[in-house]
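Enquirer: Found this in TrEMBL, in case it helps:
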type     : residues           : note
ACT_SITE : B:SER164           : active site, nucleophile
ACT_SITE : B:ASP330           : active site
ACT_SITE : B:HIS363           : active site
BINDING  : B:ARG233, B:ASP364 : substrate binding site
DOMAIN   : B:58-367           : domain 'AB hydrolase-1'
Number of protein chains: 2
Amino acid sequence: MSEYIETLDTGQSVGTVQRQVFTFGEAGVGLVLESGRTLAPVSLAYETCGTLNKDGSNAILICHALTGDSHVAGVYREDDPKPGWWEIMIGPGKPIDTNRYFVICSNVIGGCMGSTGPTCANPRTGKPYGAEFPVVTIGDMVRCQRRLVESLGIDRLLAVIGGSVGGMQVLEWSVRYPEKVCAAVPLATTTKHSAQAIAFNEVARQAIMADPKWNGGDYYESGRPEHGLAVARMVGHITYLSDESMRHKFDRRLQDRCELSFDFEADFQVESYLRYQGNKFVDRFDANSFLYLTKAADYFNLENQYGDGSLVAAFSRAQGRFLVVSFTSDWLYPTYQSKTMVKAMKKNGLDVSFCEIEAPWGHDAFLLPNDRLNALIGGFLDRVSAECLSGGDDAV
Amino acid sequence: MSEYIETLDTGQSVGTVQRQVFTFGEAGVGLVLESGRTLAPVSLAYETCGTLNKDGSNAILICHALTGDSHVAGVYREDDPKPGWWEIMIGPGKPIDTNRYFVICSNVIGGCMGSTGPTCANPRTGKPYGAEFPVVTIGDMVRCQRRLVESLGIDRLLAVIGGSVGGMQVLEWSVRYPEKVCAAVPLATTTKHSAQAIAFNEVARQAIMADPKWNGGDYYESGRPEHGLAVARMVGHITYLSDESMRHKFDRRLQDRCELSFDFEADFQVESYLRYQGNKFVDRFDANSFLYLTKAADYFNLENQYGDGSLVAAFSRAQGRFLVVSFTSDWLYPTYQSKTMVKAMKKNGLDVSFCEIEAPWGHDAFLLPNDRLNALIGGFLDRVSAECLSGGDDAV
C-alpha cells in the first residue's frame, strides 16, 4: 500500500517532489529478516522526482549513506529551505537529469527519518522498539527497497546509485537482483568493512552505550543519550574527512581567540567544529538508529554472503553495467578496496568502468561538487540509457 | 632533593634499577609554568639503570610517550613481573647498552605514575587537584626533567631519546637546552599536531567529559569516569595501529563464535580487542591525567614557540646530532612530518640522520621489536659516544 502524503513544488530546482510513505506487512506478514526475526509492519519514507515513463524503464534508485534520508533533491518550500542531500547531482539538466529519469530515494529501515526503525512503535507493546528492534542488514534494506520499487510498477531499474553505505546497497542490489538492475554505480564504498572501519564504528557504539542515558536503548521517555551520540558522531566525522582536508579547513587555527586558553575549552577551530557537528547531529538523529545502521554496515560482506568467501564467485551472479568510483584521499574505504571489487567484476566478464578521482576531501568527496564525478555519472547514464531505455530517451 | 626509595635487583635483564622520586619546590617556589601559573611542590618519579661515569657524561634520558611511565627497562621482581616498556631496547648489550650508558627515565608532570599530576594533593586544599591542576606543556615537562638531570650531577646529556609524545620532549630539549644535549633521537613524532591528531585527542577528551562521573574533574571520592576513559582509550588505540596491522591482527574474524550474533555483543575480534584495551587502561590510568597530557601534546608547536612560526628559525637554536626515524604506516605522525623537521634541521647545517623504516604496524612500530631500529639507534649512539664521551667508552 502506498499512502499519499504531499506533493511539493520545488520551483526551479527539481520540479515536483513527491514525498510519500510505502507500507507493507500491516496484517503481520511483513519481512522475515536475515536474522530470522520478523519485522511487521514495514514502512519506507521515500521521495520521487521526475516522471516515470510508460513502461517504467527510466527509474533510478538512489541509496543514501549511513545517516542520510529520502530527501535527495529539490528544495521544498521557504519554511524548509534545506535542499536535498544530492541536489548538486540530481535535477533538470544535471548529471542525474530529472527531465529524463524518474528518481526514487527511500530512507532505510533501521533509520529514523520516516522508515521503520527503533524509534517506531513496536506493535507488540505500543511503545518505541528501542533495543527490541531487530538487527537489520544491508540485504534487508535492499529487499524493502525492492518491494517499494515493485509497488511503483517498476520491474527493472535503469540504475541504482549510491555512495558509502549507499554504495553497499548498490552492490547488494547488483548481486541479489541482477535481472532487476540495468546498471549499478557504487561510489566510495566497499564489499566489506576493514577491521579499522569496524573499529571506528565500535568506538562510536561504545560511546553511545557508555552514556547512562542510553539505558539499554530505552530512553524515549527518560531523555536521550545526547552526549554519547555527539561523541559517536565526532568519531565518525573524522573518518569522513582526511588529514589533508582537515589541514586545509582548520590546520591549527585558533577559535575566537588569539592565544591558547590553558583550559579545556575549544582552543582550536577543529575542536569547535567537531563539537558543533556532534551537537548538530543529536538534533536530527536517534542514538539507537545509529547503533543499528553501523551494525548493518559492519555486517555487510558480499563475498561471504554470496560467494562462500570468494568475491569473484559473488559477482558471478551479477549482470549489467558498473561504474565504480573511488577517491584518492578516502581512507575509510580506500581505493584498494574498489580495485578489489573491480578485479572480481572483470574476472566475471562484467562491463565495468572504474575511476579513482583525485580529491583531497576524504570520504566525503562523493557528496561534494566535482566536475569529474558529474561527467562520469552523466556520461555513464547516457550510455546506459542508449542501451537499456526502451526507445531511447524519447520514451520519457 | 632526591628522596631514596628502592634499589631493585632485576637479575639478568638490566642489573640494578634505582626507583626514586625527585622533588623540588616544597617551600613553595616550584615551577612557574608556561601558562603563568605556579606548580609547587613538583615531584618526578624516575628510574635509572647502568652506572653514571665519573664526569657524568654517559647519561641518556629516555622520554616516555603519552601514557607511559618511568619503568623503562628491567624486571623488578617475581611479584611484579612486567618488564619495562622499552626492555627490548635497553639493557646490557642492547642498543641502549646499560654496560656503557647511564639511563634515566622520569614520569612526566601531569601524569599519574608517580609524578605530580591531577591525582596528587593540591597543597591549597589537601585534596586531589582534579581540574584545579594547571594545564602543563611539553616545555614544562622538559624543564622539570632538566631540574632532575641537574640534581643527578649531570651537566650535559649524551642523548635524549623518545618516541611519539616522548619525541616531542626530545625536540623540546634540543631547542630549549641545545648546549645540554649531545644528541637527540626523536622517533615517530612531530613538531606540531596536525588538525587530525588534535581532532582524535579532542574526541577522546569529549568522551571523558561526557561521562557524568567525570563531574568536572572532581571524582576521586565519588567514583571514576571509567566508561568515558575506556572510550577515549579506544579512540586513541585505533590511531596507534594501522589499516594493514588491524587486517593482519584481526581482519573480520569473529570472537568466540561461528556466526554473527545479530545483537550488540562484540561479534568481531577487533571489537573485543578494543573493549579489552579500553577496560585494561582504566585500571592503570587517570582520566584527568589523560585530559592534561593530550592537551599538552596538542599545544606543542616548536615553530611557534621558538621560531615565530618558522621551523627553520626554531632549529637555528639547536646544536649537536640528530637521528630522526619515522615509520611507513604511522598515520598519526606521518613521515611527511618527519621530513619537514629534517629539512628544517638541514637548512641550519645540523648533523642529522633520517630513516623511514618500512613497517606495517602503524604508530606503535617504534615500541615493537625491529632490527633496523636497533641497528640505527645502536650505531648512532656508538658514533655519538666516540665523538662526545670524555675519553671514549673507557671512561665508564
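The count begins at 1 with the first shown residue.
A Cβ is built for glycine as well, from the same backbone N, Cα and C atoms used for every other residue.
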Enquirer: Please report the Cα separation of B:ASP364 (substrate binding site) and B:ASP330 (active site) in Å, rounded to an integer.
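Expert: Between the alpha carbons of B:ASP364 (substrate binding site) and B:ASP330 (active site) there are 8 Å.
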Enquirer: Sort B:ASP330 (active site) into helix, strand or coil using the DSSP assignment.
Expert: coil
Enquirer: Quick check for the class: what is the C-alpha distance, in angstrom and rounded, between B:HIS363 (active site) and B:ARG233 (substrate binding site)?
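Expert: It is 15 Å, counting Cα to Cα.
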Enquirer: Name the secondary structure element type, per DSSP in three states, that contains B:SER164 (active site, nucleophile).
Expert: coil
Enquirer: For the residue listed as 'active site, nucleophile', which residues in the same chain are close in space, meaning a Cβ under 8 Å from its Cβ, but six or more apart along the sequence?
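Expert: Long-range Cβ contacts: B:ALA65, B:LEU66, B:LEU187, B:ALA188, B:THR189, B:LEU332, B:TYR333, B:HIS363, B:PHE366.
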Enquirer: Using C-alpha atoms only, work out the spacing between B:ASP330 (active site) and B:ARG233 (substrate binding site) and round it to an integer in Å.
Expert: 18
Enquirer: Taking the Cβ of B:ARG233 (substrate binding site) as the reference point, list residues of the same chain whose Cβ is under 8 angstroms away and which are at least six residues distant in sequence.
Expert: B:ALA204, B:GLN277, B:GLY278, B:PHE281, B:VAL282, B:PHE285, B:PHE290
Enquirer: Check the domain 'AB hydrolase-1' (B:58-367) for me and report the mean pLDDT.
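Expert: Averaged over the domain 'AB hydrolase-1' (B:58-367), the predicted model reaches a pLDDT of 97.
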Enquirer: Rank the recorded positions B:ASP330, B:ASP364 by how many other Cβ atoms lie within 10 Å of each Cβ and give me the one with the fewest.
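Expert: Counting other Cβ atoms within 10 Å of each of the recorded positions B:ASP330, B:ASP364, the minimum falls on B:ASP364.
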